[in-house]
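Engineer: My questions all concern the structure below.
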Number of protein chains: 2
Amino acid sequence: MGRSGHNPEREAGSPTFSPSAELPPLSPDDLGVLRRLGARWQVGEAVRTLPVDPQAGEIRSSGVGAAGRPAMLFVRDGAGQLTVTPTAERQDTAEGRAVGGLRRLLLGRPLTSESILRERMPKFIALPVLASDLLSSVAYGPEAMLVVLVLAGSGALGLSLPIAAALVVLMIAVGTSYRQTVYAYPHGAGSYLVASDSLGPRAGLAAAAGLTLDYVLTVSVSVSAGVAAITSALPSLAPYSVPFALAVIGVLLTGNLRGIRVAGNVFAAPTYLFLAAVLGLIAAGFVRAAAGGFAVVAPPPIPAAEGLSLLVVLRAFASGATSMTGIEAVSNAVPVFRPTEWRNARTVLTWMVGILIVLFAGLTLLIHFNGLVPRADQTLLSQLARLTFPTGPWYAIIQVATALVLLLAANTAFNDLPRLLYFMARDGYVPRRFLHLGDRLALSNGLIALAVAAAVILVAFGGRTHSLIPLYAVGVFLAFTLSQIGMVNHWRHHRAPGWRRRASINGVGAALSAVVLVTAAVTKFTAGAWVVVLAVPLLIFMFGRVRRHYDHVQDALGLHPATGTDRRLAPAEEEPPAVVPQQVRHLFLVPVARLNQAALRTLAYVGSLGRPALALHVSPERGEADRFRTQWATWGDHIPLETILSPHRVIIQPLAAYASALRLSHPDLTLTVVVPDVVVDHPWQRLLHYRTEQRLRRALRRHPGIVVTSMPTHLAR
Amino acid sequence: MGRSGHNPEREAGSPTFSPSAELPPLSPDDLGVLRRLGARWQVGEAVRTLPVDPQAGEIRSSGVGAAGRPAMLFVRDGAGQLTVTPTAERQDTAEGRAVGGLRRLLLGRPLTSESILRERMPKFIALPVLASDLLSSVAYGPEAMLVVLVLAGSGALGLSLPIAAALVVLMIAVGTSYRQTVYAYPHGAGSYLVASDSLGPRAGLAAAAGLTLDYVLTVSVSVSAGVAAITSALPSLAPYSVPFALAVIGVLLTGNLRGIRVAGNVFAAPTYLFLAAVLGLIAAGFVRAAAGGFAVVAPPPIPAAEGLSLLVVLRAFASGATSMTGIEAVSNAVPVFRPTEWRNARTVLTWMVGILIVLFAGLTLLIHFNGLVPRADQTLLSQLARLTFPTGPWYAIIQVATALVLLLAANTAFNDLPRLLYFMARDGYVPRRFLHLGDRLALSNGLIALAVAAAVILVAFGGRTHSLIPLYAVGVFLAFTLSQIGMVNHWRHHRAPGWRRRASINGVGAALSAVVLVTAAVTKFTAGAWVVVLAVPLLIFMFGRVRRHYDHVQDALGLHPATGTDRRLAPAEEEPPAVVPQQVRHLFLVPVARLNQAALRTLAYVGSLGRPALALHVSPERGEADRFRTQWATWGDHIPLETILSPHRVIIQPLAAYASALRLSHPDLTLTVVVPDVVVDHPWQRLLHYRTEQRLRRALRRHPGIVVTSMPTHLAR
């Protein structure tokens, strides 16, 4: 068995998904405070005397369901536990039913929390789902390398073999490193968790920022490239490429919202098709090369645009390294494997890297043997396929499979980014709603956020792949580097048997990744990498601000101040104030504009609570104030009335000022402002009312100790 | 003295503006119901025992004001009446003070309701303010007539004299008719009130719809024409004509929001300048014509595009009638005159019509004498001015004055539409917020609505005057016709001495107006009048829907059902239900997600009220539900707890379904849902919270008998 992460907090919360992650348990300290506060609670028995039977066996709606009787809303089991039925999950309106029906059609029936364990992938499904990003990279990786080398003339193309060899070493080093990560973090841990654990939170956030950008760009780039492949084959679709790409993102989103197993089934076949097609191409190419005695065809002479320098070699290396994007997918996704997860994940990772090396090395060699050079009108893969299969359906199959696998590469990001956001949300660096498991057990909010961000970037760049490519890969190699430095620290910290060997493997990977990172950031800076270089610190800043807010909330709301940050450790503040009923002193305020049924119902509601109450009337003129007091006396003057003359006819602000001044001069009081509110049938009718309730609520929102209630009166239909 | 309108309801409410119009008095029937309901009210003395002194002499804020002590918010006078100070009228935040400062800078200091009588105009100010629309029409009216006649060849231009004579008759007829309206409705009544009174509400609404469209179009057309005149003089400004026009609308809006007296001062001078310039032009032109023995110069020969037919004559008549738009301004605006209002108004109206006839007839005659014909590159007024004043500054003065007066013509609409909307709001046909007098005693909401509508139309038509002109004049002649038919009915109904003469004057005016209306609608239908022909019934429909909603509210909220419409006259329903405290049975529901300080404060608040309470916890998993119940027991189980298992992790809908099902099965209960709510410092932080309170409020809004309260917890700073 591998060892898990070593931060005590992180060990307490499991790194697998839990539907209860949004509701973490209380600490023993918290429970102690809770017990002490509860002991001071004094309240009459009236509070516990319910006018309803809380143990009713089932709760039905008023409407008539399908079986001719009211629809069941909740059922109670033998243990007394009430459970929601699907009827109570949606609004009981025609609109609510229509939305519910559409959801079910697109996403399938909701899955219960108990189904979570069954939503796992066998290895033969996990491989294509997680590998599409990595393997599709070979469609452009070797070409990206040669495009740089050819700048130094066709004579420099021979350098592709040593650079490719270095890249294969890099692939083996990074792949081995991630094998070790899967082993060290058997519950799944991507670069974020590894870097956080071993290098501290800021390194983790840097890795997370890099990965976040890279996932979003993976979707934008892969979808636009895949759509471009399709529109190249069918040029009549070209004007619709942006809407088409948005539709593809929509399909990917829908598929992933349905849940990961379904997503796997849908997406496995095309990856296998691509794999078979490219392996067939390589096999046929080598047979053909062997028939020619492995003779190397000389490339066509191309003049050098610049001299051959170390910079050119490094840029070629960095560009070729885009073949490796997606290699981290498995280590992030360990929890989606069937048990034993880490073992299955490691097997799949090994296969993926092995296949990548075969494809990358095979294609690079064949390109070299055949003397192919990058051309503007045709990809190298396409040139090679045409040369190897001049006739027959093979060329078309390879092109179609390439287009499909590029579209599916985007799916890896849909698997990984929501998972990353989940872990970050648990640590409080992104909104906690990314913890929420949707009704199909998918991390719906993360999926939707990714789809929206990718769609915005795609539209902003007009769906042009070449504009997006320079932004790509900086983020992912930042994460690789931090993750592998983190693994070095991890081994040095634990000093388990063989730690030196492991640490040195990770060290080599880290060094090579760092070279790629720096090379990519420097050589592509003006071409667009500056966006990423700026965005990473910005994201880190935002993560920090979110965390600071959650810490602040924890300070303010936590039962035990010390569980938050350590700002308020004074013992006097250990027991929070005013959380027992006998401390609450009430005053109810009722703003009344005119004496109609809504006002009288509100006054009756307040009167029935038997607590001190004061009615307020804002009057534009003295005459109106006098008239209102006369009406009040006619009614019987049952509640004290204060009329406020507002000579400039302002209504909301004086009410708010009165309430807040009252509260500030009597800080022991809890003021409850009860506003009569007319509930209209149609939204347009809101224009016909003053919306006093909403405006007063907004004006009083920033004042503590003031509760705002609206007493709704519904218009009879 | 003239007689006032004869609808008893309208006589009860004065047709002048009242700051209390939003708060109408109760009827004797209402007071009776109020007395009977009050007599049944039973409530303990605790409600009347206030924990604060409600008779405190003054109320101060907590902050430190300018004098080094807390700012005064309210003062109480000897009679015990509390009055708002300016400090309590604005939000006590840096933002609130900045907005308040900007308002004061633009609009001046707020005016108290007592200042309302002082905001009147003397005649010499009222004349230019109300006449700019009418008099500026002569800049395009004669030309509009000749443009049609010239279609039948230059020989047909001679018909301009008899058509102009007919238009002068029409002006005299309509002017005399409105003199009679001012006399009959001394408190001010435009076509809407006259048509409503004498022909019934639907005729009044038709007149109102026509006028509403016409006022909005007056602003759009006049501003775009005025800006076009300026940009013709300074062509470099042409690309900015739409923003420039929007800025002009903004200036007009600001000026009018400051209040009517200031508006008059600002706008009087240019109208007098225009008047002087055009009168000077006419005088000089006649001197010049007299010097030539009044010889008629033959117009240049122009071939006929179509035969001279009755249709051409009618179209010329209808187009020339645009010279009369704005004639109704005085009758609408009687209340802005100084006392005795109706007498001053009638004097100004007579002057206005007299000046109009002089300008219109004078310009038409001079154009005829000089044989001028419409040209594409220059207006007729400009041609005449050039001919009459070949040298000197007069030509430039006339053009500048024309441009200015066109911009100011828009101001008439700013005077009249808010007033029309006020009267309509009092009758319930438009939102009641049009009754509200702003802090400068202007009808701010009507002014803003007009500015927004005119700006939208101006932008939608790209600021092109010629696209807007065909929409114009149909609405105003609809109002003229209805108003004058109404006056005929008015005289026939009252049969005062001389009623036959008066009725026949109005009858002639009505017939002539109807001819213009039908001609304009038919001959300009395809050119754009169809918009108005469709919009008038649409507006009438909307007015009816608004009125129906207010009637519905009156039915539902009125103390005495019979004061609304007569739908619910059953005696059993005379006393509305559940408006006394002893009938209210409470159950408080407290949704609790986790036990933190916000939840405990909410529970303490509910517990302190001493009414039955039930806490609800929605759990995604059975294990979490068990854990929460254990925490609850640790706390002391002071309030009954119901845990609801939501296997699909939906939270809001089950809570709403539970509350509404409980209420439906116990209709005698008043449910109060008290939701713990965290109030954040910055809006962006809302993204970090679930906003349960807002979502639950929205889900429960349509369910009667459920009060939703949020118990705010503010984050300590």
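Backbone N, Cα and C atoms are what each Cβ position is placed from, and that goes for glycine too.
Quantities reported herein were computed from a predicted structural model and do not represent experimental measurements.
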Engineer: Match it up for me: which of B:124-141, B:304-321 does TrEMBL list as transmembrane segment?
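Structural biologist: Matching range for transmembrane segment: B:124-141.
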Engineer: Looking only at the recorded stretches B:147-174, B:393-414, B:441-463, which one has the largest tally of CB-CB distances under 8 Å to the transmembrane segment (B:124-141)?
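Structural biologist: If we count Cβ pairs closer than 8 Å to the transmembrane segment (B:124-141), B:393-414 scores highest.
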Engineer: Do the transmembrane segment (B:503-521) and the transmembrane segment (B:147-174) share at least 3 Cβ pairs closer than 8 Å, excluding pairs fewer than 6 residues apart in sequence?
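Structural biologist: Yes, the transmembrane segment (B:503-521) contacts the transmembrane segment (B:147-174).
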Engineer: Considering only the recorded stretches B:147-174, B:240-260, B:393-414, B:441-463, B:469-491, state which has the highest number of Cβ pairs under 8 Å to the transmembrane segment (B:348-373).
Structural biologist: B:147-174
Engineer: Ranking B:240-260, B:393-414, B:441-463, B:469-491 by the number of C-beta pairs under 8 Å to the transmembrane segment (B:272-296), which range is first?
Structural biologist: B:393-414
Engineer: Where among B:393-414, B:441-463, B:469-491 do we find the most Cβ pairs under 8 Å to the transmembrane segment (B:240-260)?
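Structural biologist: When the Cβ pairs under 8 Å are tallied, B:441-463 comes out ahead.
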Engineer: If we skip the immediate neighbours and take only residues 6+ beyond the ends of the transmembrane segment (B:441-463), which ones have a Cβ under 8 Å from one of its Cβ atoms?
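Structural biologist: Same-chain residues near the transmembrane segment (B:441-463) but 6 or more away: 17, 111, 113, 115-116, 119, 215-217, 219-220, 223-224, 227-228, 241-242, 245-246, 249-250, 252-253, 256-260, 410, 413-414, 417-419, 421-422, 431, 433-434.
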